[in-house]
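Colleague: Pulled these features from TrEMBL for this protein:
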type   : residues : note
DOMAIN : 13-90    : domain 'Spt4/RpoE2 zinc finger'
């Protein structure tokens, strides 16, 4: 799990408003959300990324093994993939977002 973001790209970090995973905007464009892609369909869709992710979040948690981590269980991340997550994401998913 490599999550290094150069300082000049910190402003491009975004957090998914559904699962709280934090990635740079370009990674959401290339790969979508690793947890919610089947529902949100963010890959290659800039409008959906703007609607379903937020630049306003607090705290970061790096989760290496979600099933074994008490912090992941406490934050309800134990069913998600390993990665970096925000402790709090500010924003609301718009009514037009493709959430089922």
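Every residue gets a Cβ built from N, Cα and C, even glycine.
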Colleague: Could you tell me the mean pLDDT over the domain 'Spt4/RpoE2 zinc finger' (13-90), as a whole number?
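Modeller: In the predicted model, the domain 'Spt4/RpoE2 zinc finger' (13-90) has a mean pLDDT of 93.
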Colleague: Per DSSP, how many helix, strand and coil residues does the domain 'Spt4/RpoE2 zinc finger' (13-90) have?
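Modeller: Within the domain 'Spt4/RpoE2 zinc finger' (13-90) the tally stands at 23 helix, 24 strand, 31 coil.
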